[in-house]
Amino acid sequence: MAASVAAAARRLRRAIRRSPAWRGLSHRPLSSEPPAAKASAVRAAFLNFFRDRHGHRLVPSASVRPRGDPSLLFVNAGMNQFKPIFLGTVDPRSEMAGFRRVANSQKCVRAGGHHNDLEDVGRDLSHHTFFEMLGNWAFGGEYFKEEACNMAWELLTQVYGIPEERLWISYFDGDPKAGLDPDLETRDIWLSLGVPASRVLSFGPQENFWEMGDTGPCGPCTEIHYDLAGGVGAPQLVELWNLVFMQHNREADGSLQPLPQRHVDTGMGLERLVAVLQGKHSTYDTDLFSPLLNAIQQGCRAPPYLGRVGVADEGRTDTAYRVVADHIRTLSVCISDGIFPGMSGPPLVLRRILRRAVRFSMEILKAPPGFLGSLVPVVVETLGDAYPELQRNSAQIANLVSEDEAAFLASLERGRRIIDRTLRTLGPSDMFPAEVAWSLSLCGDLGLPLDMVELMLEEKGVQLDSAGLERLAQEEAQHRARQAEPVQKQGLWLDVHALGELQRQGVPPTDDSPKYNYSLRPSGSYEFGTCEAQVLQLYTEDGTAVASVGKGQRCGLLLDRTNFYAEQGGQASDRGYLVRAGQEDVLFPVARAQVCGGFILHEAVAPECLRLGDQVQLHVDEAWRLGCMAKHTATHLLNWALRQTLGPGTEQQGSHLNPEQLRLDVTTQTPLTPEQLRAVENTVQEAVGQDEAVYMEEVPLALTAQVPGLRSLDEVYPDPVRVVSVGVPVAHALDPASQAALQTSVELCCGTHLLRTGAVGDLVIIGDRQLSKGTTRLLAVTGEQAQQARELGQSLAQEVKAATERLSLGSRDVAEALRLSKDIGRLIEAVETAVMPQWQRRELLATVKMLQRRANTAIRKLQMGQAAKKTQELLERHSKGPLIVDTVSAESLSVLVKVVRQLCEQAPSTSVLLLSPQPMGKVLCACQVAQGAMPTFTAEAWALAVCSHMGGKAWGSRVVAQGTGSTTDLEAALSIAQTYALSQL
């Protein structure tokens with residue numbers, strides 16, 4: 001018995017350390033199989049169990065786009081949306097702050113970053129890039145180990161009917177190095193539930209200690225495993241459910257400290273659970289995937305899916321089935337959540353997923369063009385009831401998938417042509433150039449997967465320059481690092497321990513309502529009130545709480561009240577100063593304010609001593625605040641104008657503003673045209689010109705849920721929430737019958753705004769670019785900056801008009817035409833870089849680039865005419881013979897080459913070399929050798945002999961060549977040319 005338990009333990013250890021996977025090695029029937037249950041029923045049973053039996057609140061799945069978490073590419077676990085609770089930073093006024101016990105089914109994507117299953121999808125029967133995580137949570141010690149284990153056991157054995165003898169348990173065995181004891185409490189809980197000791201096994205921190213990241217909340221976990229073998233032979237164990245008990249915090253120095261509050265965080269993959277309950281050895285055999293696999297077979301007329309892996313999967317047909325089925329689910333979910341295929345970050349990962357799916361469907365399953373988009377309705381059918389956003393956006397998802405598939409196929413065809421053209425220039429032993437492969441790849445212009453490029457070359461029997469490709473990849477990484485936005489210096493911050501201590505002491509959250517205490521004077525200027533406050537806490541730069549700070553010390557201040565706006569919601573923090581009561585002549589500069597779990601932390605420099613309990617008076621930088629207010633109100637107007645112009649499907653994806661400019665990211669079906677950009681600006685100008693009142697009011701969050709047209713972001717809002725309405729009182733705007741939110745700007749927003757729109761002055765969109773397919777970033781300025789942008793635009797328009805007139809008059813000679821072309825080139829650069837209306841930039845660039853083409857055409861015509869004239873002069877000067885060596889005036893090397901070419905056309909048996917003196921002693925050289933004089937006499941060698949004498953260089957071929965040099969003795973150069981040619985003839 002002991003030996004069998006030890007063997008089972010070793011098997012479990014190996015299974016865990018290889019990462020849990022359904023290996024599908026055993027196809028014997030499962031004993032005591034539970035009755036088949038649809039995936040939708042399994043999901044519903046989980047949620048209903050925790051809601052109805054154990055009083056959990058059901059919360060919707062968060063978007064797979066991480067909310068304010070730059071450490072993640074995608075939401076990859078159920079706990080992601082609850083990080084503010086674990087870190088203690090949740091807004092105490094928000095709905096989330098009231099969460100005690102919750103449950104949900106969370107959409108998760110693991111493709112890129114630390115958790116990346118992309119390349120494993122298709123190779124086995126378990127990996128997915130998209131999956132659903134069923135989870136239940138208890139926050140702040142609502143319940144802990146005993147209740148969590150009891151609930152999990154009850155659900156699995158009583159609700160789902162999984163036989164107890166098929167469940168195995170692992171728990172934390174301790175970590176002496178970290179000073180952590182074995183989690184015997186959890187072990188004893190499982191034993192008390194009747195799990196035999198032989199199936200309760202202990203493991204170290206690698207398997208049973210869960211951490212959020214390098215730092216942050218963490219704790220021991222216990223895992224429930226399912227035995228696929230059902231007691232027949234050795235156990236085949238797969239992880240089913242992970243229960244994490246967060247009770248520690250990993251500090252920056254690597255040490256562990258107890259958390260102020262303990263939490264329970266559990267996660268169970270729906271796909272794996274459904275496979276168990278439906279008696280399947282693979283998640284792909286469940287009803288979550290079978291409709292997709294059937295649709296793939298019908299659409300591709302491929303052989304049926306048989307679930308084969310490895311060498312048994314001849315032709316990789318079943319691998320392709322799994323790749324396509326998984327990837328179309330991921331694409332559909334991501335696009336419905338506003339992540340579109342693009343060129344960097346999550347959009348780039350999504351682009352790779354789409355192109356991987358197209359490759360497998362096209363190359364292996366022989367799918368027809370447009371096939372991938374046809375699978376979207378099947379995804380919506382299987383997941384749409386649980387995630388309604390799939391139903392709402394199904395048409396957009398299908399269109400985007402089909403468009404990107406078509407673009408990829410076009411790129412593939414272009415790539416084949418480029419490869420064939422490049423191969424024709426290579427020698428038998430040459431490697432394929434890394435530069436060309438790079439331009440074909442996902443990092444270059446065409447976006448082809450690099451392994452596909454390598455496969456195409458392999459089929460041609462050509463080896464890729466891998467070393468060169470690695471060098472280019474390193475250069476690209478360095479370039480991206482240089483181009484990346486500089487990381488903002490981390491300001492003072494309150495960690496989970498500091499926040500926990502404040503809560504333990506009963507320190508109330510900062511009252512920041514005074515930030516809204518400002519008014520509009522009859523003169524049109526704003527009056528910002530001061531704020532009286534008391535110092536409640538002081539922190540040094542390293543976050544240590546102190547009783548006082550001294551002269552010159554950078555510190556953080558917590559006050560009972562503040563009129564400073566803390567950075568959030570895309571709006572920059574206020575700045576200003578504070579003075580101590582009775583000492584108004586000593587200013588304490590405040591550089592920024594940040595929100596930390598409901599507390600506003602002011603970052604200041606103390607010119608003198610400051611102590612706990614001191615009374616202070618706060619003053620915001622009025623010009624800075626007013627600039628932020630104008631940009632924020634302008635952002636709302638711009639957001640509304642975009643919807644009015646482009647349609648109601650235009651959604652804000654994010655924004656950032658400061659007094660200098662505003663940035664707004666929005667969903668767009670296609671890039672904006674100049675006409676649309678101008679129309680958006682005009683709509684904003686109209687609202688500004690009407691000088692409408694801006695109404696702001698706090699209302700219960702529930703009142704905003706069903707208001708048509710009201711705009712909000714995927715953020716956690718406080719309750720009550722502030723509503724900002726332009727031109728319509730908030731009460732009227734929130735009346736669903738009024739439809740007011742469809743006619744004007746009405747948004748949930750905690751920022752500071754103008755009281756009337758007229759103070760925006762003007763708005764000019766100065767830039768736009770596609771962040772990804774379907775997402776556009778707009779840059780805009782307001783007020784005086786906008787007027788300056790318009791004036792500069794008009795000035796450049798006049799310059800373009802003048803250039804047009806100059807071009808229409810024509811040029812007398814090549815030199816004049818070249819000067820005009822250079823002037824037009826400088827004008828193009830000026831238009832491209834100017835801060836001016838973007839719609840006007842687009843129009844002027846189209847015009848000025850057309851002028852450039854016309855100017856170049858005029859130059860070529862003048863050069864041809866000049867070359868013809870000089871050709872005749874030279875032919876008249878030289879009698880018919882085998883050689884012409886002479887000097888001629890030419891404005892450029894291209895003109896000189898044309899003269900040489902025309903001479904040789906009119907005298908085919910003559911070899912020609914011409915020199916053209918230029919300013920500063922520079923000399924141009926061009927030559928061509930008659931066909932009859934080769935191969936002993938070559939143009940490249942001829943030009944090199946002459947140019948090297950002049951200290952220059954030459955290049956070309958056996959027939960034609962050119963070069964440059966510098967000399968004051970042209971006769972000597974001509975003599976060398978003559979002598980060399982005669983020696984070769």
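Note that Cβ sites are derived from N, Cα and C of the backbone, with glycine treated the same way.
Note that this is a predicted model, so its numbers are computed, not measured.
The ATP binding site annotation in Swiss-Prot covers Arg110, His128, Trp210, Leu240, Trp241, Asn242, Gly269, and the record cites similarity to another entry as its basis. Around Trp241 (ATP binding site), the same-chain residues at least 6 positions away in sequence with a Cβ under 8 Å from its Cβ are Ala152, Leu156, Glu223, Ile224, Thr266, Gly267, Met268.
DSSP gives Asp265 (L-alanine binding site) a strand state. Sequence-distant contacts of Asp265 (L-alanine binding site), defined as residues of its own chain at least six apart whose C-beta falls under 8 angstroms from its C-beta, comprise Gly78, Met79, Phe82, Phe86, Gly135, Trp137, Trp210, Val244, Met246. Look at Swiss-Prot and you will find Asn242, Asp265 tagged as L-alanine binding site.
According to DSSP, His636 (Zn(2+) binding site) is assigned to a helical segment. Around His636 (Zn(2+) binding site), taking its Cβ as the centre, 28 other Cβ atoms fall within 10 Å, counting all chains. What Swiss-Prot records for His632, His636, Cys749, His753 is Zn(2+) binding site.
According to Swiss-Prot, the feature transit peptide maps to 1-23, an assignment based on sequence analysis.
Counting only same-chain residues six or more apart in sequence, the Cβ atoms lying under 8 angstroms from the Cβ of Leu240 (ATP binding site) belong to Leu156, Leu167, Glu223, Ile224, His225, Tyr226, Met268, Arg272, Leu273, Val276. Using the Cβ center of His632, His636, Cys749, His753 for Zn(2+), the list of other same-chain residues with Cβ within 8 Å runs, in sequence order, Met629, Thr633, Thr635, Val694, Val724, Glu747, Gly751, Thr752. Annotation for His128 (ATP binding site): same-chain Cβ neighbours under 8 Å, separated by at least 6 residues, are Arg110, Asp117, Val121, Glu271, Thr283, Asp326, Arg329, Thr330. When secondary structure is read from DSSP and collapsed to three states, Asn242 (ATP binding site) falls in the strand class. Put simply, Asn242 (ATP binding site) is 46 Å from His753 (Zn(2+) binding site) when counted between their Cα atoms.
Note: the Cα of Gly269 (ATP binding site) and the Cα of Cys749 (Zn(2+) binding site) are spaced 36 Å from each other. When secondary structure is read from DSSP and collapsed to three states, Cys749 (Zn(2+) binding site) falls in the coil class. Counting only same-chain residues six or more apart in sequence, the Cβ atoms lying under 8 angstroms from the Cβ of Cys749 (Zn(2+) binding site) belong to Gly569, His632, His636, Arg722, Val723, Val724. With a 10 A radius on its CB, Trp210 (ATP binding site) counts 21 other CB atoms from all the protein chains.
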